[in-house]
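Sequence annotations record features per position, and here TrEMBL assigns domain 'ABC transmembrane type-1' to 88-302. As annotated by TrEMBL, transmembrane segment applies to 31-53, 87-114, 134-152, 164-182, 214-232, 279-301.
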Amino acid sequence: MTITDDAASPPLDEVSLAASSPRYMEKAIKAAFALCAALSVAITTAIVLALLFPTISFFSHVSIIEFFTETSWRPAFATPSFGVMPIVVGTLTVVFWALLIGIPIGLLAAIYLAEYAPTGVRRVVKPVLEVLEGIPTVAIGMFGLLFMRPFLEDLMPFLQWQAFSVGVAGIMVGIMIVPLITSVSDDAMRSVPAGLREGAYGLGANKMQVSLRVIFPGAISGIIAAIVLATSRAIGETMVVLIVAGQTPLLGFTFTGSVQTMTAFIGSTATGDISTGSIVYEAIFAVGALLFVMTLAMNMFAIRMVSRFREVYD
């Protein structure tokens, strides 16, 4: 005689529901991911369009040849001139001084954290670096204007210092990007397989040789990514350069003089008393579009370089 225990067997509907629940959850997650991706594309497209139409209107009044070849930038003067090169050069000057400070310090700090620092030191330094990334830029700008510039003037009195200095702005931006370079480069160096280290030590290499000839080349793609991120951060910085570098759009390379960057022009003009639809208003979008193209080109170049030098480990 066969006895069936109906109480021990779940109903067929419950079994089907339990089997279909993971599929519904997976579909919901995929839909959420697709929505986020579409939203990112939509936002980027909206930004491009918001820059594009005022820029087209701007170039209907100003020759594109004049925009790129004229050496004077005075959009708000009674006799305006719209040569963008002075503020482009000002931006590149700040980036040059920032990278000159940030790259060596950031990479040396990353090598120390990845290869030399004791565990206790690393546990303290890594969170401190993350905290430093969150310092308000206005505070860094005021520190540069009120303390760093007077200090450098006392240290190098033989230079002809102005009230605002692009070099000091570059130093402060360089200090800002050190945590970014250090953190990303450190992660890249620590991702290099331990077998490469052990093999190099087995061949008689010392720690310095392993760090510079094995770990650094092995992490070069991540290091390039760190430098590109830092460069983008330096190009887009507004508050520090607005406070420390001044607003003098001069064409030339300097350390002690005042310049105006592209972001400083956008920030100062957009918050000023200008009428919507005026040519000065449209110039904001033209400069923003140029800044967007510069950053996009740099990122595309960086992606190509990273893919070229990427090391793939099994």
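Start at 1 and count along the chain as shown; that gives each residue its number.
Glycine too: its Cβ is placed from the backbone N, Cα and C atoms.
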(request) Tally Cβ pairs under 8 Å between the transmembrane segment (279-301) and each listed stretch (31-53, 134-152, 164-182), then give the stretch with the top tally. (result) 31-53
(request) Residue list, the transmembrane segment (134-152) vs rest of chain: Cβ under 8 Å, 6 or more residues beyond ends. (result) 161, 164-165, 167-169, 171-172, 175-176, 237-244
